[in-house]
Amino acid sequence: MAIKIYNTLTRQKEEFKPLREGEVRMYVCGPTVYDYTHIGHARTYIAFDVIRRYLEHKGYTVLMAMNFTDIDDKIIRRANETGEDPKELAEKFLKYFLEDMKALKVKPADIYPRVTEHINDIIDFVKKLQEKGYAYEGSDGVYFEVRKFKDYGKLSKIKVEELVKGARVEPGEGKKNPEDFALWKKAKPGEPKWKSPWGEGRPGWHIECSTMSTKYLGESFDIHGGGSDLIFPHHENEIAQTEACTGHEWVRYWMHTGFLMVNGEKMSKSLGNFVTIREALERYDPEVIRLFVLQRHYRSPLDYTEEGLEHAKNNLERLYNTLENIRVAMERAEISFKWDNEEFEAYEAIRDGRKKFYDAMDDDFNTAEALKAVFEVSNAVNRYLTQVERPKESILRKAWEFFKIVSEVFGIFEDYFREEKAGEEEALIKLLIDVRAQLRKERKFDLADKIRDELRNLGIQLEDTPQGTVWKRIKI
Ligand SMILES: Nc1ncnc2c1ncn2[C@@H]1O[C@H](COP(=O)(O)OP(=O)(O)OP(=O)(O)O)[C@@H](O)[C@H]1O
Ligand SMILES: [Zn+2]
(Lines of atoms letter the chains of each structure in order from A and count residues from 1; the text may use other names and numbers.)
(Lines give C-alpha, C1' and ligand atoms only; values in the text may rest on other atoms or scores of the structure.)
(Ligands and ions follow the chains in the order given, each with its own letter.)
Protein backbone atom coordinates (compact mmCIF):
# COMPACT_ATOMS: atom_id res chain seq x y z
CA MET A 1 0.00 0.00 0.00
CA ALA A 2 1.14 3.46 -0.80
CA ILE A 3 1.72 6.00 1.93
CA LYS A 4 -0.54 9.04 2.02
CA ILE A 5 0.78 12.29 3.44
CA TYR A 6 -1.19 15.37 4.42
CA ASN A 7 0.52 18.15 2.53
CA THR A 8 0.14 21.57 4.19
CA LEU A 9 0.77 23.13 0.79
CA THR A 10 -2.37 21.63 -0.78
CA ARG A 11 -4.29 21.05 2.47
CA GLN A 12 -4.92 17.50 1.25
CA LYS A 13 -3.75 13.99 1.78
CA GLU A 14 -1.69 12.97 -1.22
CA GLU A 15 -0.14 9.74 -2.31
CA PHE A 16 3.54 9.85 -1.46
CA LYS A 17 5.80 9.62 -4.49
CA PRO A 18 9.44 10.41 -3.77
CA LEU A 19 11.47 12.25 -6.37
CA ARG A 20 13.97 9.40 -6.63
CA GLU A 21 12.75 5.85 -6.45
CA GLY A 22 13.54 4.20 -3.14
CA GLU A 23 14.92 7.33 -1.53
CA VAL A 24 13.40 10.00 0.66
CA ARG A 25 15.16 13.25 1.35
CA MET A 26 13.77 15.13 4.29
CA TYR A 27 14.59 18.27 6.20
CA VAL A 28 13.21 19.07 9.62
CA CYS A 29 13.81 22.50 11.10
CA GLY A 30 15.96 22.15 14.19
CA PRO A 31 16.03 24.14 17.39
CA THR A 32 17.33 27.56 18.22
CA VAL A 33 19.79 26.57 20.89
CA TYR A 34 19.49 29.08 23.73
CA ASP A 35 17.70 27.05 26.40
CA TYR A 36 16.89 23.49 27.43
CA THR A 37 14.77 21.46 25.06
CA HIS A 38 11.22 20.99 26.31
CA ILE A 39 8.50 18.41 25.84
CA GLY A 40 6.92 20.57 23.12
CA HIS A 41 10.02 20.17 20.99
CA ALA A 42 10.09 16.49 21.90
CA ARG A 43 6.58 16.13 20.50
CA THR A 44 7.71 17.43 17.13
CA TYR A 45 10.99 15.54 16.98
CA ILE A 46 9.53 12.23 18.17
CA ALA A 47 6.77 12.59 15.56
CA PHE A 48 9.32 13.09 12.77
CA ASP A 49 11.48 10.30 14.16
CA VAL A 50 8.58 7.87 13.81
CA ILE A 51 7.78 9.18 10.32
CA ARG A 52 11.38 8.62 9.35
CA ARG A 53 11.48 5.19 10.99
CA TYR A 54 8.33 4.15 9.16
CA LEU A 55 9.72 5.28 5.80
CA GLU A 56 12.87 3.29 6.51
CA HIS A 57 10.80 0.32 7.60
CA LYS A 58 8.99 0.46 4.24
CA GLY A 59 12.33 0.10 2.52
CA TYR A 60 13.25 3.69 1.66
CA THR A 61 16.74 5.01 2.19
CA VAL A 62 16.10 8.19 4.11
CA LEU A 63 18.53 11.08 3.97
CA MET A 64 17.62 13.44 6.77
CA ALA A 65 19.04 16.83 7.60
CA MET A 66 18.26 19.05 10.57
CA ASN A 67 19.72 22.47 11.14
CA PHE A 68 20.93 24.09 14.32
CA THR A 69 20.21 27.78 14.64
CA ASP A 70 23.33 28.58 16.62
CA ILE A 71 23.32 32.33 16.05
CA ASP A 72 20.21 34.48 16.24
CA ASP A 73 18.55 37.37 18.12
CA LYS A 74 17.23 35.10 20.87
CA ILE A 75 20.68 33.61 21.49
CA ILE A 76 22.32 37.04 21.61
CA ARG A 77 19.63 38.33 23.98
CA ARG A 78 19.97 35.37 26.33
CA ALA A 79 23.78 35.59 26.28
CA ASN A 80 23.56 39.26 27.22
CA GLU A 81 21.26 38.39 30.11
CA THR A 82 23.49 35.66 31.50
CA GLY A 83 26.81 37.29 30.63
CA GLU A 84 27.89 34.27 28.57
CA ASP A 85 29.53 34.28 25.19
CA PRO A 86 26.77 33.61 22.58
CA LYS A 87 28.89 30.96 20.90
CA GLU A 88 29.48 29.08 24.15
CA LEU A 89 25.84 29.39 25.13
CA ALA A 90 24.72 27.91 21.82
CA GLU A 91 27.35 25.19 22.04
CA LYS A 92 26.17 24.16 25.48
CA PHE A 93 22.49 23.91 24.56
CA LEU A 94 23.27 22.20 21.27
CA LYS A 95 25.09 19.49 23.21
CA TYR A 96 22.17 19.18 25.65
CA PHE A 97 19.74 18.90 22.74
CA LEU A 98 21.68 15.99 21.25
CA GLU A 99 21.82 14.30 24.66
CA ASP A 100 18.08 14.76 25.15
CA MET A 101 17.26 13.34 21.73
CA LYS A 102 19.49 10.34 22.40
CA ALA A 103 17.78 9.79 25.74
CA LEU A 104 14.42 9.86 23.96
CA LYS A 105 15.68 7.32 21.42
CA VAL A 106 15.24 9.73 18.54
CA LYS A 107 17.53 8.56 15.74
CA PRO A 108 20.09 11.22 14.90
CA ALA A 109 19.78 13.06 11.61
CA ASP A 110 22.32 12.16 8.93
CA ILE A 111 23.51 15.76 8.78
CA TYR A 112 23.18 18.52 11.36
CA PRO A 113 24.29 21.66 9.53
CA ARG A 114 24.91 24.68 11.76
CA VAL A 115 24.50 28.27 10.70
CA THR A 116 27.89 29.43 11.95
CA GLU A 117 29.60 26.81 9.79
CA HIS A 118 27.74 27.83 6.63
CA ILE A 119 28.08 31.59 6.60
CA ASN A 120 29.77 31.65 3.19
CA ASP A 121 27.08 29.45 1.65
CA ILE A 122 24.45 31.77 3.08
CA ILE A 123 26.22 34.84 1.70
CA ASP A 124 26.35 33.21 -1.76
CA PHE A 125 22.64 32.48 -1.58
CA VAL A 126 21.80 36.08 -0.64
CA LYS A 127 24.05 37.34 -3.43
CA LYS A 128 22.13 35.22 -5.93
CA LEU A 129 18.83 36.65 -4.70
CA GLN A 130 20.23 40.14 -5.08
CA GLU A 131 21.48 39.40 -8.61
CA LYS A 132 18.04 38.09 -9.54
CA GLY A 133 16.40 41.25 -8.22
CA TYR A 134 14.60 39.72 -5.24
CA ALA A 135 16.80 41.25 -2.58
CA TYR A 136 18.02 44.75 -1.80
CA GLU A 137 20.35 46.34 0.68
CA GLY A 138 18.89 48.69 3.30
CA SER A 139 20.58 50.74 5.99
CA ASP A 140 20.52 47.93 8.57
CA GLY A 141 20.55 44.82 6.43
CA VAL A 142 19.67 43.01 3.23
CA TYR A 143 15.97 42.32 2.69
CA PHE A 144 13.86 40.01 0.59
CA GLU A 145 11.30 41.97 -1.42
CA VAL A 146 8.17 39.92 -0.80
CA ARG A 147 5.97 41.47 -3.53
CA LYS A 148 8.46 40.39 -6.20
CA PHE A 149 7.75 36.74 -5.45
CA LYS A 150 4.39 36.07 -7.05
CA ASP A 151 3.60 32.88 -5.14
CA TYR A 152 4.10 34.45 -1.73
CA GLY A 153 1.51 33.06 0.68
CA LYS A 154 1.02 29.74 -1.10
CA LEU A 155 1.81 27.69 2.00
CA SER A 156 0.17 29.73 4.76
CA LYS A 157 -2.60 31.09 2.48
CA ILE A 158 -1.89 34.52 3.91
CA LYS A 159 -2.15 37.45 1.50
CA VAL A 160 0.46 40.16 1.63
CA GLU A 161 -2.21 42.84 2.18
CA GLU A 162 -3.63 41.02 5.22
CA LEU A 163 -0.16 40.58 6.54
CA VAL A 164 0.54 44.27 6.63
CA LYS A 165 -2.90 45.07 8.05
CA GLY A 166 -2.54 42.46 10.77
CA ALA A 167 0.92 43.83 11.59
CA ARG A 168 2.38 40.30 11.28
CA VAL A 169 5.61 41.67 9.96
CA GLU A 170 9.12 41.65 11.30
CA PRO A 171 10.75 44.90 12.40
CA GLY A 172 13.54 46.44 10.33
CA GLU A 173 14.28 50.11 9.79
CA GLY A 174 15.89 49.84 6.41
CA LYS A 175 13.03 48.06 4.66
CA LYS A 176 11.32 49.37 1.54
CA ASN A 177 8.05 47.65 2.39
CA PRO A 178 6.72 46.50 5.77
CA GLU A 179 6.27 42.88 4.63
CA ASP A 180 9.90 42.42 3.56
CA PHE A 181 12.09 40.26 5.76
CA ALA A 182 15.78 40.21 6.59
CA LEU A 183 18.25 37.99 4.77
CA TRP A 184 21.29 39.57 6.36
CA LYS A 185 21.45 41.75 9.48
CA LYS A 186 24.20 44.31 9.84
CA ALA A 187 25.92 43.99 13.19
CA LYS A 188 25.17 46.37 16.02
CA PRO A 189 28.05 47.13 18.39
CA GLY A 190 29.05 44.11 20.46
CA GLU A 191 27.15 41.57 18.37
CA PRO A 192 28.75 38.49 16.81
CA LYS A 193 29.55 39.22 13.17
CA TRP A 194 31.00 37.88 9.96
CA LYS A 195 32.39 39.72 6.92
CA SER A 196 30.09 40.05 3.92
CA PRO A 197 29.68 42.21 0.78
CA TRP A 198 27.21 44.27 2.86
CA GLY A 199 29.55 44.86 5.74
CA GLU A 200 29.91 42.87 8.92
CA GLY A 201 26.82 41.12 10.20
CA ARG A 202 24.97 37.84 10.46
CA PRO A 203 22.30 35.91 8.56
CA GLY A 204 18.58 36.43 9.09
CA TRP A 205 16.72 33.40 10.44
CA HIS A 206 14.94 32.00 7.37
CA ILE A 207 17.82 32.03 4.92
CA GLU A 208 19.78 29.35 6.79
CA CYS A 209 17.21 26.65 6.05
CA SER A 210 16.97 27.49 2.35
CA THR A 211 20.74 27.46 2.04
CA MET A 212 21.60 24.41 4.09
CA SER A 213 18.72 22.21 2.94
CA THR A 214 19.47 22.78 -0.74
CA LYS A 215 23.18 22.34 -0.13
CA TYR A 216 22.71 18.86 1.33
CA LEU A 217 19.43 17.62 -0.13
CA GLY A 218 19.40 19.31 -3.53
CA GLU A 219 17.36 22.03 -5.21
CA SER A 220 14.25 19.85 -4.92
CA PHE A 221 13.54 17.30 -2.24
CA ASP A 222 10.70 15.32 -0.78
CA ILE A 223 9.69 16.35 2.72
CA HIS A 224 10.14 19.47 4.77
CA GLY A 225 8.74 19.62 8.25
CA GLY A 226 8.48 21.34 11.57
CA GLY A 227 5.97 22.47 14.15
CA SER A 228 2.91 24.31 12.80
CA ASP A 229 4.15 27.63 14.21
CA LEU A 230 6.76 27.47 11.47
CA ILE A 231 4.25 27.56 8.59
CA PHE A 232 4.25 31.31 8.83
CA PRO A 233 6.49 33.19 8.51
CA HIS A 234 9.41 30.76 8.56
CA HIS A 235 8.42 28.22 5.92
CA GLU A 236 6.58 30.75 3.78
CA ASN A 237 9.77 32.80 3.66
CA GLU A 238 11.92 29.74 3.04
CA ILE A 239 9.80 28.94 -0.03
CA ALA A 240 10.02 32.51 -1.30
CA GLN A 241 13.80 32.58 -0.98
CA THR A 242 14.45 29.16 -2.46
CA GLU A 243 12.01 29.22 -5.35
CA ALA A 244 13.00 32.77 -6.23
CA CYS A 245 16.59 31.59 -6.36
CA THR A 246 16.12 28.35 -8.32
CA GLY A 247 13.08 29.30 -10.37
CA HIS A 248 11.35 25.97 -9.76
CA GLU A 249 9.39 24.03 -7.16
CA TRP A 250 11.43 23.18 -4.12
CA VAL A 251 9.71 20.87 -1.64
CA ARG A 252 7.08 18.26 -2.58
CA TYR A 253 5.45 17.60 0.80
CA TRP A 254 5.18 20.05 3.67
CA MET A 255 4.44 18.41 7.00
CA HIS A 256 3.59 20.15 10.26
CA THR A 257 3.03 18.88 13.75
CA GLY A 258 0.32 20.09 16.13
CA PHE A 259 1.33 21.81 19.34
CA LEU A 260 1.91 20.32 22.69
CA MET A 261 -0.39 22.42 24.87
CA VAL A 262 -0.38 23.37 28.53
CA ASN A 263 -3.66 24.70 29.92
CA GLY A 264 -4.81 25.74 26.48
CA GLU A 265 -1.54 27.41 25.46
CA LYS A 266 1.37 26.24 23.34
CA MET A 267 4.23 25.01 25.49
CA SER A 268 7.02 27.42 24.67
CA LYS A 269 10.32 28.79 25.77
CA SER A 270 9.05 32.32 25.24
CA LEU A 271 5.95 31.80 27.44
CA GLY A 272 7.97 30.09 30.13
CA ASN A 273 5.30 27.38 30.63
CA PHE A 274 7.56 24.53 29.72
CA VAL A 275 8.72 21.26 31.21
CA THR A 276 12.19 20.33 30.04
CA ILE A 277 12.91 16.89 28.66
CA ARG A 278 15.36 16.42 31.51
CA GLU A 279 12.69 17.13 34.12
CA ALA A 280 10.25 14.81 32.40
CA LEU A 281 12.86 12.05 32.20
CA GLU A 282 13.39 12.21 35.95
CA ARG A 283 9.81 11.05 36.33
CA TYR A 284 9.08 9.01 33.26
CA ASP A 285 10.83 6.42 31.18
CA PRO A 286 11.72 7.74 27.70
CA GLU A 287 9.43 5.15 26.16
CA VAL A 288 6.52 6.49 28.21
CA ILE A 289 7.16 9.91 26.70
CA ARG A 290 7.30 8.39 23.22
CA LEU A 291 4.07 6.52 23.72
CA PHE A 292 2.44 9.64 25.19
CA VAL A 293 3.28 11.46 21.95
CA LEU A 294 2.24 8.56 19.72
CA GLN A 295 -1.16 8.26 21.39
CA ARG A 296 -2.20 11.26 19.27
CA HIS A 297 -1.96 11.81 15.55
CA TYR A 298 0.99 14.07 14.84
CA ARG A 299 -1.15 16.87 13.39
CA SER A 300 -3.56 17.08 16.34
CA PRO A 301 -2.83 19.24 19.34
CA LEU A 302 -1.72 17.24 22.35
CA ASP A 303 -2.45 18.30 25.94
CA TYR A 304 0.35 17.91 28.40
CA THR A 305 -1.30 16.34 31.44
CA GLU A 306 -0.27 13.98 34.19
CA GLU A 307 -3.20 11.73 33.25
CA GLY A 308 -1.97 11.54 29.66
CA LEU A 309 1.47 10.48 30.80
CA GLU A 310 0.09 8.04 33.37
CA HIS A 311 -2.11 6.56 30.67
CA ALA A 312 0.95 6.10 28.46
CA LYS A 313 2.83 4.54 31.36
CA ASN A 314 0.06 2.00 31.96
CA ASN A 315 -0.20 1.24 28.27
CA LEU A 316 3.51 0.64 28.02
CA GLU A 317 3.42 -1.69 31.02
CA ARG A 318 0.57 -3.63 29.46
CA LEU A 319 2.56 -4.12 26.27
CA TYR A 320 5.71 -5.21 28.13
CA ASN A 321 3.56 -7.63 30.03
CA THR A 322 2.35 -9.16 26.79
CA LEU A 323 5.92 -9.46 25.52
CA GLU A 324 6.92 -11.28 28.68
CA ASN A 325 3.88 -13.52 28.42
CA ILE A 326 4.88 -14.48 24.90
CA ARG A 327 8.52 -15.02 25.80
CA VAL A 328 7.69 -17.27 28.72
CA ALA A 329 5.06 -19.15 26.73
CA MET A 330 7.62 -19.86 23.98
CA GLU A 331 9.28 -22.30 26.37
CA ARG A 332 6.20 -24.47 26.58
CA ALA A 333 5.08 -23.88 22.98
CA GLU A 334 4.77 -26.73 20.51
CA ILE A 335 4.90 -27.23 16.75
CA SER A 336 1.40 -27.36 15.21
CA PHE A 337 0.02 -30.53 13.72
CA LYS A 338 -3.50 -29.19 13.85
CA TRP A 339 -5.26 -25.97 14.75
CA ASP A 340 -8.28 -25.53 16.97
CA ASN A 341 -10.66 -22.58 17.10
CA GLU A 342 -8.36 -20.78 19.52
CA GLU A 343 -5.52 -20.87 17.01
CA PHE A 344 -7.69 -19.67 14.15
CA GLU A 345 -9.00 -16.84 16.29
CA ALA A 346 -5.57 -15.77 17.51
CA TYR A 347 -4.12 -16.01 14.00
CA GLU A 348 -6.88 -13.87 12.51
CA ALA A 349 -6.54 -11.27 15.25
CA ILE A 350 -2.81 -10.96 14.61
CA ARG A 351 -3.33 -10.84 10.84
CA ASP A 352 -6.03 -8.15 11.14
CA GLY A 353 -4.09 -6.17 13.73
CA ARG A 354 -1.02 -6.16 11.55
CA LYS A 355 -2.99 -4.97 8.54
CA LYS A 356 -4.66 -2.24 10.61
CA PHE A 357 -1.27 -1.15 11.89
CA TYR A 358 0.09 -0.73 8.36
CA ASP A 359 -3.12 0.87 7.07
CA ALA A 360 -3.04 3.41 9.89
CA MET A 361 0.63 4.22 9.36
CA ASP A 362 0.12 4.47 5.60
CA ASP A 363 -2.70 6.90 6.28
CA ASP A 364 -0.58 9.95 7.06
CA PHE A 365 1.33 8.17 9.84
CA ASN A 366 -1.66 7.78 12.11
CA THR A 367 0.11 6.44 15.17
CA ALA A 368 -3.00 6.78 17.35
CA GLU A 369 -4.92 4.29 15.19
CA ALA A 370 -1.85 2.11 14.76
CA LEU A 371 -1.54 1.88 18.53
CA LYS A 372 -5.12 0.65 18.78
CA ALA A 373 -4.18 -2.17 16.44
CA VAL A 374 -1.20 -2.99 18.67
CA PHE A 375 -3.55 -3.38 21.62
CA GLU A 376 -5.90 -5.55 19.62
CA VAL A 377 -3.04 -7.94 18.94
CA SER A 378 -1.85 -7.71 22.52
CA ASN A 379 -5.31 -8.56 23.89
CA ALA A 380 -5.80 -11.40 21.44
CA VAL A 381 -2.48 -13.00 22.35
CA ASN A 382 -3.15 -12.73 26.06
CA ARG A 383 -6.59 -14.25 25.55
CA TYR A 384 -5.08 -17.10 23.55
CA LEU A 385 -2.53 -17.80 26.26
CA THR A 386 -5.23 -18.12 28.90
CA GLN A 387 -7.22 -20.46 26.64
CA VAL A 388 -4.62 -23.08 25.81
CA GLU A 389 -2.24 -25.21 27.83
CA ARG A 390 0.35 -25.72 25.10
CA PRO A 391 0.38 -22.69 22.80
CA LYS A 392 1.43 -23.19 19.20
CA GLU A 393 4.87 -21.84 18.45
CA SER A 394 3.80 -20.47 15.09
CA ILE A 395 1.11 -18.27 16.64
CA LEU A 396 3.52 -16.90 19.21
CA ARG A 397 6.15 -16.28 16.58
CA LYS A 398 3.68 -14.29 14.47
CA ALA A 399 2.82 -12.12 17.46
CA TRP A 400 6.50 -11.74 18.32
CA GLU A 401 7.36 -10.64 14.78
CA PHE A 402 4.54 -8.10 14.88
CA PHE A 403 5.86 -6.57 18.10
CA LYS A 404 9.30 -6.39 16.54
CA ILE A 405 7.83 -4.27 13.75
CA VAL A 406 6.13 -2.04 16.31
CA SER A 407 9.45 -1.76 18.12
CA GLU A 408 11.31 -0.69 15.00
CA VAL A 409 8.70 1.86 13.95
CA PHE A 410 7.71 3.34 17.32
CA GLY A 411 11.18 3.18 18.84
CA ILE A 412 10.00 1.28 21.93
CA PHE A 413 11.01 -2.14 23.37
CA GLU A 414 14.32 -1.83 21.48
CA ASP A 415 16.45 -2.82 24.47
CA TYR A 416 14.12 -5.71 25.15
CA PHE A 417 14.66 -7.18 21.71
CA ARG A 418 18.36 -6.44 21.91
CA GLU A 419 18.62 -8.44 25.14
CA GLU A 420 16.81 -11.23 23.43
CA LYS A 421 19.49 -11.26 20.74
CA ALA A 422 22.28 -11.15 23.32
CA GLY A 423 20.64 -14.12 25.03
CA GLU A 424 20.64 -16.09 21.81
CA GLU A 425 24.32 -15.34 21.27
CA GLU A 426 25.25 -16.55 24.74
CA ALA A 427 23.33 -19.77 24.23
CA LEU A 428 25.23 -20.38 20.99
CA ILE A 429 28.63 -19.81 22.62
CA LYS A 430 27.72 -22.23 25.42
CA LEU A 431 26.70 -24.77 22.83
CA LEU A 432 30.07 -24.46 21.06
CA ILE A 433 31.91 -24.86 24.38
CA ASP A 434 30.01 -28.09 25.04
CA VAL A 435 30.79 -29.41 21.57
CA ARG A 436 34.46 -28.56 22.02
CA ALA A 437 34.58 -30.37 25.38
CA GLN A 438 33.04 -33.43 23.74
CA LEU A 439 35.61 -33.28 20.90
CA ARG A 440 38.46 -33.11 23.39
CA LYS A 441 37.11 -36.12 25.21
CA GLU A 442 37.15 -37.93 21.90
CA ARG A 443 40.74 -36.69 21.44
CA LYS A 444 39.78 -34.75 18.31
CA PHE A 445 42.08 -31.91 19.27
CA ASP A 446 42.33 -30.41 15.77
CA LEU A 447 38.63 -29.69 15.61
CA ALA A 448 38.49 -28.57 19.23
CA ASP A 449 41.30 -26.08 18.62
CA LYS A 450 39.63 -24.87 15.46
CA ILE A 451 36.52 -23.93 17.43
CA ARG A 452 38.66 -22.08 19.99
CA ASP A 453 40.66 -20.22 17.32
CA GLU A 454 37.65 -19.28 15.21
CA LEU A 455 35.84 -17.96 18.26
CA ARG A 456 38.85 -15.90 19.17
CA ASN A 457 38.80 -14.40 15.66
CA LEU A 458 35.22 -13.33 16.42
CA GLY A 459 36.28 -11.67 19.67
CA ILE A 460 35.31 -14.49 22.04
CA GLN A 461 38.15 -15.92 24.10
CA LEU A 462 37.81 -19.35 25.75
CA GLU A 463 39.77 -20.15 28.89
CA ASP A 464 40.04 -23.64 30.32
CA THR A 465 39.93 -23.50 34.10
CA PRO A 466 39.74 -26.28 36.68
CA GLN A 467 36.02 -25.48 36.95
CA GLY A 468 35.48 -25.87 33.23
CA THR A 469 35.71 -23.61 30.22
CA VAL A 470 34.73 -19.97 30.60
CA TRP A 471 34.56 -17.26 27.94
CA LYS A 472 34.98 -13.54 27.66
CA ARG A 473 34.79 -10.91 25.00
CA ILE A 474 38.07 -9.48 23.77
CA LYS A 475 38.97 -6.59 21.48
CA ILE A 476 40.09 -7.82 18.09
N1 LIG B 1 4.72 23.27 22.07
C2 LIG B 1 5.21 22.74 20.96
N3 LIG B 1 4.60 21.68 20.39
C4 LIG B 1 5.09 21.12 19.27
N5 LIG B 1 6.18 21.56 18.64
C6 LIG B 1 6.84 22.62 19.16
C7 LIG B 1 6.39 23.26 20.34
N8 LIG B 1 7.26 24.28 20.63
C9 LIG B 1 8.20 24.27 19.67
N10 LIG B 1 7.95 23.28 18.77
C11 LIG B 1 8.72 22.96 17.58
O12 LIG B 1 10.05 22.65 17.93
C13 LIG B 1 10.94 23.03 16.88
C14 LIG B 1 12.09 23.85 17.42
O15 LIG B 1 11.61 25.05 17.93
P16 LIG B 1 12.48 26.31 18.22
O17 LIG B 1 13.75 25.96 18.85
O18 LIG B 1 12.45 27.18 17.02
O19 LIG B 1 11.56 26.82 19.35
P20 LIG B 1 11.22 28.28 19.66
O21 LIG B 1 10.08 28.65 18.78
O22 LIG B 1 12.45 29.09 19.70
O23 LIG B 1 10.79 28.08 21.12
P24 LIG B 1 9.42 28.24 21.74
O25 LIG B 1 8.40 28.01 20.67
O26 LIG B 1 9.45 27.22 22.78
O27 LIG B 1 9.44 29.63 22.30
C28 LIG B 1 10.08 23.77 15.85
O29 LIG B 1 9.73 22.86 14.83
C30 LIG B 1 8.85 24.14 16.65
O31 LIG B 1 7.73 24.25 15.82
ZN1 LIG C 1 13.79 26.12 9.08
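Every residue, even glycine, has its Cβ placed from backbone N, Cα and C.
Here is what TrEMBL says about this protein:
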type	residues	note
BINDING	Cys29, Cys209, His234, Glu238	Zn(2+) binding site
BINDING	Lys269	ATP binding site
DOMAIN	356-417	domain 'Cysteinyl-tRNA synthetase class Ia DALR'
MOTIF	31-41	motif ''HIGH' region'
MOTIF	266-270	motif ''KMSKS' region'
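In sequence order, Asn67, Trp205, His206, Glu208, Ser210, His224, Gly226, Leu230, His235, Asn237 are the same-chain residues whose CB sits within 8 A of the CB centroid of Cys29, Cys209, His234, Glu238, the residues recorded for Zn(2+) being left out.
Only residues 6 or more beyond the boundaries of the motif ''HIGH' region' (31-41), in the same chain, are considered here, and those with a CB under 8 A from a CB of the stretch are 68-70, 72, 74-75, 77-79, 89-90, 93-94, 96-97, 100-101, 227, 259-260, 266-269, 274-278, 280, 289, 304.
In this structure, none of the binding-site residues Cys209, His234, Glu238 sits close to ligand 1 with a C-beta under 6 angstroms from any of its atoms. When the binding-site residues Cys29, Cys209 are compared by the number of other CB atoms within 10 angstroms of each CB, Cys29 has the fewest.
Sequence-distant contacts of His234 (Zn(2+) binding site), defined as residues of its own chain at least six apart whose C-beta falls under 8 angstroms from its C-beta, comprise Cys29, Trp205, His206, Cys209, Gly226.
Separation of the C-alpha atoms of Lys269 (ATP binding site) and Glu238 (Zn(2+) binding site): 23 Å, rounded to the nearest whole number.
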